[in-house]
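The ATP binding site annotation in TrEMBL covers B:Gly230, B:Gly231, B:Phe232, B:Gly233, B:Thr234, B:Gly235, B:Lys236, B:Thr237. The domain 'ATPase F1/V1/A1 complex alpha/beta subunit N-terminal' feature in TrEMBL is assigned to B:6-66. The domain 'ATPsynthase alpha/beta subunit barrel-sandwich' annotation in TrEMBL covers B:109-192. As annotated by TrEMBL, domain 'ATPase F1/V1/A1 complex alpha/beta subunit nucleotide-binding' applies to B:210-431. Annotation source TrEMBL lists domain 'ATP synthase A/B type C-terminal' at B:441-537.
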Amino acid sequence: MRGLEYHGILRADGPIVIAAHRENVGFSELARVRDRTGELRLGRIVDISEQAIAVQLFSENTGISIDESWIEYLEKPLTFRVGDGIVGRIFNGLGDPIDGYPPITSSDLRDINGRPINPSARVYPRDFIQTGISAIDGMNTLIRGQKLPIFSGNGLPHNRLAAQIVRQARVLSGESQFAIVFAGMGIKYDVARFFIDSFEKSGVLSRVVMFLSLADSPSIERLVTPRTALTAAEYLAYEKNMHVLVVMTDMTNYCEALREVSAARNEVPSRKGYPGYLYSDLASLYERAGKIENCEGSITQLPILSMPNDDISHPIPDLTGYITEGQIVLERDLSQRGIYPPIAGLPSLSRLMKDGIGEGMTREDHRDLAAQLFSAYAYVRSVRDLAAIIGEEELSDRDKIYLNFGDRFEREFLAQGEFENRSIEQTLDLGWKMLSILPEAELVRIPPKLIEKYLPRTGNGDPAKE
Amino acid sequence: MSAGYITRISGPVIYAQGMDDAGLYDVVKVGKAGLIGEIIKLKGDVATIQIYEDNTLMRVGEPVECMHRPLSVALGPGLIGSIYDGIQRPLPVLKNVSGAFLAPGLAGEPLDTSKKWHFVPLLKAGDPIAPGTAFGIIQETASIQHRLVFDASVPASTADWIAPEGDYTCTATLVKSREGKEYTAVSWWPVRAARKFTEKQITHEPLVTGLRVIDVLFPIAKGGSAAIPGGFGTGKTMTQHAIAKWCDADIIVYIGCGERGNEMTEVLTEFPSLIDPRTGRSLMERTILIANTSNMPVAAREVSIYTGITIAEYYRDMGYQVAVMADSTSRWAEALRELSGRLEEMPAEEGFPAYLPTRLAEFYERGGMVKTLEGKKGSVTIIGAVSPPGGDFSEPVTQHTKRFIRCFWALDRDLANARHYPAISWNDSYSEYTEDLIQYWDSIDPAWDALRTKTMDILKKERKLSEIVRLVGPDALPDEQRLILLTADMIKNGFLQQSSFDTVDMYCAPPKQTFLLTCILTFHELAENAIKNGAPLLKISALPIKEKIIRLKSTLENNKVQEGQAVIQEIQQAFTQLGVGAQGGLSI
């Protein structure tokens with residue numbers, strides 16, 4: 001009962017505390033455990049039977065004892081207090097302000113688990129977001145309402161890329177109210193600081209809602225952080241009609257926390273010890289992106305995850321890729337060659353690109369141009385493999401041209417400055433310039449009339465050869 | 001009604017006591033909110049129940065009410081064009097009740113009870129009724145005639161009264177039997193039981209999908225079953241969408257099982273504006289959607305597959321050719337795994353329950369071409385997407401699925417990376433229906449079998465050769481072998497690869513399919529001759545006709561294949577101008 005503490009627990013096992021059954025305790029509700037020093041810990045009820053109640057704590061469990069513990073049931077699920085005042089504030093994972101300013105004054109409490117969007121109430125996302133980054137705009141276009149994760153590895157510049165996207169992202173058709181929700185899960189203080197500084201420099205800090213559960217916070221708190229953040233995002237998008245960009249980093253830490261709790265609950269593990277419901281659990285986060293009917297706002301998600309050992313088939317990136325609408329993959333090899341952003345040409349993908357580009361949205365040639373660039377770059381990869389064995393000299397003339405194309409594509413098209421903001425026209429024209437390296441007969445993915453119109457030519461009418 | 005109460009809650013699985021008269025797989029209403037659940041295990045008077053909705057705040061001690069009937073779907077006019085969740089709740093109706101977000105405990109009539117349908121009786125008073133007797137017809141959409149047929153649960157009797165022709169709602173009594181039983185246009189059928197038919201039949205008719213790589217290289221028969229396995233981003237959903245749009249089935253049941261919400265929205269926004277090339281009507285007029293997306297309750301995901309296939313069987317029983325797209329069966333298997341884990345069952349491979357193969361077999365066996373109870377021919381074709389973790393086909397769901405399907409369309413990561421769609425690998429895919437379908441293709445083009453054999457042969461040779469090329473480079477090969485590489489390239493770019501955005505290319509009719517191959521292979525044959533007579537490959541590959549053939553897929557319209565025949569002559573001319581032996585055409 002609320003306001004009443006029950007004395008004693010039955011068992012403490014990792015983050016799970018088992019207490020005797022009480023009346024009027026509901027599944028998934030909050031409970032508060034007080035230990036002998038008076039410290040309070042929040043937890044969520046994960047199993048109830050007629051004999052016992054299992055509570056999963058969101059914090060450290062040191063000092064919990066069987067006799068000297070008191071448990072209170074709060075009769076409500078974990079909630080986040082929403083209101084106009086949340087924009088510009090910093091919260092911890094549970095939604096308590098940690099920036100030293102007073103708590104939010106609002107009586108509007110939201111269940112952080114949210115509710116699934118009715119598929120028939122969704123609006124299919126189509127609005128092109130210009131990030132000013134050629135590799136994204138030209139090849140893996142970001143769409144408003146999309147969930148597009150960045151698959152990275154330790155030591156790769158995913159944070160700089162995310163900051164650049166936040167800084168430069170804009171929609172071509174007019175400006176509108178926007179907000180940024182940032183969820184930091186198990187990240188180091190300097191990473192959080194980097195984002196705060198970068199938001200400040202680009203003048204958007206007053207539009208940011210931050211949720212920080214740093215590396216020294218209890219790992220279980222990471223399980224709640226993205227949910228609290230998405231609750232704030234849903235409030236801003238669907239009630240305040242804002243366009244919200246949600247940056248969540250690092251999803252790998254979130255999944256580790258999930259595995260930790262699952263192991264503590266003795267669940268049957270599936271791949272690499274992760275619980276069998278990892279897919280459903282991740283989906284309950286990622287699927288909170290989108291647009292709904294009769295509402296101006298939208299939620300665009302940019303989750304960042306570091307692939308353990310750069311392995312894209314690891315369960316975390318793998319399951320993420322199955323849920324999200326594409327992925328931006330960072331490649332160590334490109335990064336080591338000094339190319340920023342090191343966005344891998346081939347494994348990166350934007351599923352919503354096909355409906356957000358083309359005439360009236362970006363430009364009529366966008367789709368065919370991108371398809372041709374992908375196909376040519378894929379061929380470059382096989383030529384490089386061949387060159388590694390027989391040597392560049394032995395390559396046929398056609399293959400040599402492709403090799404040249406590949407190098408220039410990476411150095412001129414993919415690579416750009418961290419503060420360089422290219423318009424979509426610049427990006428597409430640059431793409432054509434790259435294609436002009438190839439013989440015209442190779443451009444089979446593009447209709448002749450577009451080649452006629454856009455392929456840059458030198459004075460004598462031949463494609464520019466370099 | 002038995003009144004039980006909850007004794008334990010563990011996620012979507014709850015335990016209830018006092019359920020002694022409940023039956024296995026009976027539907028229950030759980031708790032004060034009345035959430036829908038299903039009994040999956042009984043032990044003494046304790047029932048284990050899986051709940052189809054979010055049960056946050058549910059308490060021990062709350063009541064559980066058994067409905068004493070298995071989970072069933074409502075079958076009747078009005079299904080077409082609908083979108084349901086996994087337990088057949090109409091999503092647009094729920095939207096009107098609770099807004100854009102789904103709240104637990106919602107209910108809605110699966111079929112619109114206020115809409116009136118025009119009923120034409122097929123029986124008169126005194127006629128016998130039995131399972132398989134058709135008693136009336138309702139024009140459901142412009143192209144779908146809804147035959148009302150008594151299902152296998154109806155006892156044999158005599159019609160005492162039958163409603164005259166007129167407009168009725170689907171709750172109005174249309175037939176009364178001698179025993180006083182009343183029948184409406186709506187019947188209920190338990191989803192986990194296959195609907196009855198007279199006999200299964202072997203089929204010699206293809207499901208024409210309009211996708212060249214499928215229809216020519218790996219064709220599927222009506223009533224067949226196929227799996228599309230592929231890692232993320234290889235285009236499973238895109239391929240399923242393309243088949244759902246253009247295949248020559250009468251009705252499409254699209255099951256979005258544990259996948260993205262936006263994909264369902266895409267179907268909902270795109271299909272109504274697309275025109276079915278066969279009926280000239282909107283594609284939505286033949287489509288039924290079951291959407292249980294990945295963030296909707298996991299137990300309802302498990303059952304969504306059965307809801308979909310039961311609806312498909314219902315239309316099959318009217319004599320229609322139905323195609324079921326299940327996207328994705330892996331998510332369904334994962335739902336099984338999750339529930340099995342909650343039940344603390346002994347896991348088999350990778351945590352999946354030991355009964356996974358049995359369930360998969362039961363599902364795929366519900367497809368097939370049948371003689372219905374009424375004596376008509378109807379079919380259910382099942383096309384299931386499989387999402388193997390890490391794109392590794394050796395995992396349990398892919399492996400077990402392979403045992404129960406006869407068509408395997410493996411999606412290839414490298415093709416997808418090069419944006420070669422559909423990314424169906426010609427090396428790993430297979431179809432066991434090819435032999436059965438030769439007869440059909442003979443009527444389109446007698447050379448079909450020879451064309452596909454030759455194509456497969458070239459692709460196979462190319463695979464071998466490219467291994468050599470990878471080691472020593474293409475220059476080391478003689479011209480005849482480099483021609484194989486050239487032709488294989490033409491086959492890939494000019495035939496296998498198909499754009500779903502190009503209005504001409506997105507659907508390819510069978511005559512055009514064989515024609516495109518004929519052009520490419522004619523080119524190949526003439527080039528082979530020319531090389532034998534000393535023409536250098538360099539000259540051949542520089543022929544402008546080559547590019548023209550590759551572009552033919554998007555320049556030649558489906559109904560203008562006859563006019564395209566001139567291209568064959570152009571090819572011959574091009575080789576004549578080369579000056580070396582251009583006699584004859586394609587010898588196969």
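Glycine is treated like the rest: Cβ placed from N, Cα and C.
The stretch in B:6-66, B:109-192, B:441-537 that contributes the largest number of Cβ pairs under 8 Å to the domain 'ATPase F1/V1/A1 complex alpha/beta subunit nucleotide-binding' (B:210-431) is B:441-537. Taking the binding-site residues B:Gly230, B:Gly231, B:Phe232, B:Lys236 in turn and counting surrounding C-beta atoms within 10 angstroms, the largest count is reached at B:Gly230.
In sequence order, B:Met238, B:Ser387, B:Leu411, B:Ala416, B:Ala423 are the same-chain residues whose CB sits within 8 A of the CB centroid of B:Gly230, B:Gly231, B:Phe232, B:Gly233, B:Thr234, B:Gly235, B:Lys236, B:Thr237, the residues recorded for ATP being left out. Helix, strand and coil counts under DSSP for the domain 'ATPase F1/V1/A1 complex alpha/beta subunit N-terminal' (B:6-66) come to 0 helix, 35 strand, 26 coil. Sequence-distant neighbours of B:Gly235 (ATP binding site) (same chain, 6+ apart, CB under 8 A from its CB) are B:Leu411, B:Ala416, B:Tyr421, B:Pro422, B:Ala423. Compared over the binding-site residues B:Thr234, B:Thr237, the count of CB atoms lying within 10 A of a residue's CB peaks at B:Thr234.
Averaged over the domain 'ATP synthase A/B type C-terminal' (B:441-537), the predicted model reaches a pLDDT of 92. Chain A has no C-beta under 8 angstroms from the C-beta of any of the binding-site residues B:Gly230, B:Thr234, B:Gly235, B:Lys236. A 10 Å cutoff on Cβ-Cβ distances gives B:Gly233 (ATP binding site) a total of 25 other Cβ atoms nearby, all chains included. Mapped onto DSSP helix, strand and coil, the domain 'ATP synthase A/B type C-terminal' (B:441-537) counts 74 helix, 0 strand, 23 coil. When secondary structure is read from DSSP and collapsed to three states, B:Thr234 (ATP binding site) falls in the coil class.
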